[in-house]
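Just below is one structure, and these are the notes that go with it.
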Amino acid sequence: MNPVNDNDRPLDPPKACSICGKPATVRYKPFCSKRCADIDLNRWFSGTYAIPVAEDPDEDGEDADRR
């Protein structure tokens, strides 16, 4: 049995930057540049991106006062 050599594996095609579509770089992966990474970070901070959450109706505390 031959040992597996990393050079024998096919290379993954370069991924596109999720902001502008240019090829991503190793340094800023999954982005192509610091600029695109900063744009993405700003979108998280400003609330453009959000993770949906199913809230429990009892979490707001209104029902707790009635008990």
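Including glycine, each Cβ sits where the backbone N, Cα and C put it.
Copied over from TrEMBL, here are the features:
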{"type": "BINDING", "residues": "C17, C20, C32, C36", "note": "Zn(2+) binding site"}
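Within 8 Å of the centroid of the Cβ atoms of C17, C20, C32, C36, where the record puts Zn(2+), the same chain has further Cβ atoms from A16, S18, I19, G21, K22, A24, Y28, F31, S33, R35. Ranking the binding-site residues C17, C20, C32, C36 by how many other Cβ atoms lie within 10 angstroms of each Cβ puts C20 at the bottom.
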